[in-house]
Amino acid sequence: MNSTLSSITNSMERSVSPASDSDVPFKVSDTLAPPRVNKIAGTTTINFDGLLNDPLLLKEDLKNGCGGQLWPAGMVLSRYLLSQHTSDMSGKTIVELGAGGGLVGLGVARGCQFASPIHITDQLPMFDLMQDNISLNQLGTKVKASILDWGEPLPAHIPNNPDIILAADCVYFEPAFPLLLDTLKDLIGPETVCYFCYKRRRRADLRFIKLAKKNFDMQEIRDDPNATSYNRENIFLYTLRRKTPKSNNK
Ligand SMILES: C[S@@+](CC[C@H](N)C(=O)[O-])C[C@H]1O[C@@H](n2cnc3c(N)ncnc32)[C@H](O)[C@@H]1O
């Protein structure tokens with residue numbers, strides 16, 4: 001069991017409501033993030049196991065909310081995209097939901113080919129942290145931070161039906177489930193692919209997945225060689241697409 005991400009996972013679970021006793025710390029290589037003992041504000045250097053030549057610097061600060069630190073599904077989604085999708089996002093519009101400090105969107109911006117700016121979005125309390133991390137990595141021409149509250153009308157400058165939506169560790173607070181679902185319904189167009197990574201911590205999380213399966217064509221991603229390892233830690237990676245008459249029958 002690796003101490004690095006298990007300390008991330010454990011401290012994350014302390015920062016939201018407690019996980020069940022059966023939750024097992026997450027095992028990932030040491031190079032994902034340096035070990036930390038506690039959650040004081042600071043800057044973390046991440047290269048995602050060598051997937052980034054030029055590592056990301058991520059300021060973490062929990063003073064404005066739980067998005068101010070790295071979450072395990074964000075690490076998994078970043079690693080997946082940086083290993084399997086480095087070149088097929090060029091020319092695509094990309095929006096990240098619940099970006100926190102911007103882990104996934106900034107990772108993609110650093111390591112994948114793309115054309116238009118990536119929109120990383122979260123609630124107002126996370127805005128400064130997103131901005132700080134964009135500046136810290138000199139990605140201001142490639143990444144734009146925006147406030148996007150789930151369940152609210154989409155800001156006018158956010159692409160309506162983006163080609164790609166990124167959502168990592170957005171399933172953790174039951175009252176927000178219908179809001180997240182509404183925003184996904186608003187954003188997912190006929191050509192949109194949403195990469196959706198979540199960690200199942202409690203039974204309620206499955207209710208979200210059930211609802212998502214009802215509303216979208218939801219498929220578990222099968223081309224990630226690391227899946228067996230993170231599935232053991234109750235982390236799952238899916239694509240969500242708009243249902244078609246064919247997928248409706250599934
Ligand atoms: C657990 S964090 C995940 C952060 C990041 N995606 C990661 O993987 O490291 C969940 C994020 O969802 C955001 N969030 C929660 N409720 C939200 C809402 N109603 N509208 C927009 N964002 C929300 C939080 O502010 C937080 O940054």
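Any Cβ shown, glycine's included, is placed from N, Cα and C.
Because TrEMBL annotations are produced automatically, they should be read as predictions rather than curated entries.
Note that this is a predicted model, so its numbers are computed, not measured.
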Residue among Ala41, Ala109, Ala168 sharing the S-adenosyl-L-methionine site, where TrEMBL lists Trp71, Gly98, Ala99, Gly100, Asp122, Trp150 as binders: Ala168
Output, ordered by sequence, the same-chain residues six or more apart from Gly100 (S-adenosyl-L-methionine binding site) with a CB under 8 Å from its CB, or 'none'. Cys66, Gly67, Gly68, Gln69, Leu70, Trp71, Gly74, Asp122, Met126, Leu129, Asp169
What three-state class does DSSP give Gly98 (S-adenosyl-L-methionine binding site)? coil
Residue with minimal Cβ packing [other Cβ atoms within 10 Å] among the binding-site residues Trp71, Trp150: Trp150
